[in-house]
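Contents: one structure, followed by commentary.
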């Protein structure tokens, strides 16, 4: 015999080689998926074109990536009482001339080095963030709605009560409406409007600032129909999270939940008071609408009183268990202190300063960690920053200033539980797992507020004469550097080379977890139907990468790719800050490569991933077969001997246990052997008998049976021989 493989093995090898060649061909055809520039980007000129369309579209949800045109309007800006006319901006994702993604571009295609202020990309980022909030609107949409693919929706919210609760914002990538993240979002947006208003003015965005805030506060007014009631949720998690589709098919029921003076939710009442108070100040001091400011103030005062007087003081999930699915609160003392701080700014009543201090003392008795990362549920860091500003020059000023600086140092040092990732993102264990981008953005926003507060508290002359390296200058520079570093990370200066904002660059996430934008059908096909999202959710900040700076752009990956109201809140403020302070464009402007560089593998799309997996599988299969062939060749003598032995044995009949047993035993086919002893039947369940031959029902004796019992089984097939087996403590096998 020759040492060559058998014809069967040869055919198998040929088949595998052909499969391998097919995989190479598939990979070659999909090369444009791995390396090509996304749709709408011309790699030869480096220019993004809105009219270039490629790929397969989902017929039931046509792809829409048209950036909405801003309105032409005349808007009155606050403070200076000047009038700024909003110019018509071009669709910002299509106006930047990007460096080529695959080859060197002509120098004419590179952005010039001439300084432009304000930097237009930050202007467009700010505008895009407001577009995200327009996309999240619920209820009857206004005529000037720029996100045209949205529809009127959830018009019957509140139908199970006597209160109209239509309107407001959908919280995240679904259709639930919650008070808690909304109130924190509005407070943070209004805070940025008060502190960074110049950025909104320079970007001609004060009109959209007004629209975004008013859409939220108008709904909050509905949710607070009287002095004793606050609605906190519309919709139910079990129903909503089972639906993955457009805004015209939102499932019912959508029950409304509330807290009241008899069923208090201290935390959510105080936080809503903070939202009303902060936005009242914005309309009073910046947006010049005294009447609306007065309305918001009335609600702020009513809700803060309700929070303080309703007993017992408690977290709101104790009376509204439905919120525990998503936004259970850890404490209410920080919310009371946060609300008191904003009430102090609103009313100039010093008793609120004492309240803020008292509530924080009570919080410290309950919570030993009084310095922690900022989130919708933990506002302590923001509280320190705000109170340091409001109490400057008073008897309480040094106390709050020290707390603010302690928080700042905690943030700058990335103290435990926080750390900087290898790529430079501020990441906090226990906080950043589901939304790392917003944790970093909140920290950056707080540092920007601190730097701005120091600068605005000094005269221009003092700022000019401040020595480099002085303690104050060092603080300002370190706070600014932290904020800018985190902004740059979120906008592309990271190992993934990805700006974590949808629609601003070819490398941006393309699969945000958004039922509104996806155009999907159901949760079972969330990642596959449609193959590309039906609509671009411009301006949405996604959850962000993991602790290793890695990001998976997949719709079902809600931990990294979810969008939410509170995610964009600090981001909006940071963009306003960048508009008024930055002379450099965002890092994504210079990004000319895709995916990771030295930090890890490049990102690929689904089609390319399938090709690579198929290629690897084929290589492994070929390697396994080659090893097997080699072993067979080396052991061919032993194999031939084993085959000869097996052929010899095939002449002997193998014992086969029949399902029906003879003589003194019967088998019922269900694992029960009946044996006779002294004329009495004995049943033994689960008994097994290991006989030589093919698997099948078996008669058996076990140690549960009396050793004196004997059974006869007819072995063999057809006219096989009969053997007598003797039962004992251990089943006895027949001789082979």
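Please read every residue number as a count from 1 along the shown chain.
Cβ from N, Cα, C; glycine included.
Counting every protein chain shown, the Cβ of residue 553 (active site) has 20 other Cβ atoms within 10 Å. Feature annotation from TrEMBL assigns active site to 553 (among others).
Here TrEMBL flags 562 (among others) as active site. Neighbours of residue 562 (active site), defined as other CB atoms within 10 A of its CB across all chains, total 21.
Here TrEMBL flags 77-88 as compositional bias 'Low complexity'.
As annotated by TrEMBL, domain 'Glycoside hydrolase family 9' applies to 122-575. Mean pLDDT of the predicted structure over the domain 'Glycoside hydrolase family 9' (122-575): 96.
What TrEMBL lists as region 'Disordered' is 59-88 (among others).
The feature region 'Disordered' is assigned by TrEMBL to 713-736 (among others).
Annotation comment: TrEMBL describes 1-27 as signal peptide.
Taken from TrEMBL, the feature transmembrane segment applies to 612-632.
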Alpha-carbon spacing, residue 553 (active site) to residue 562 (active site), which is rounded to whole Å: 10
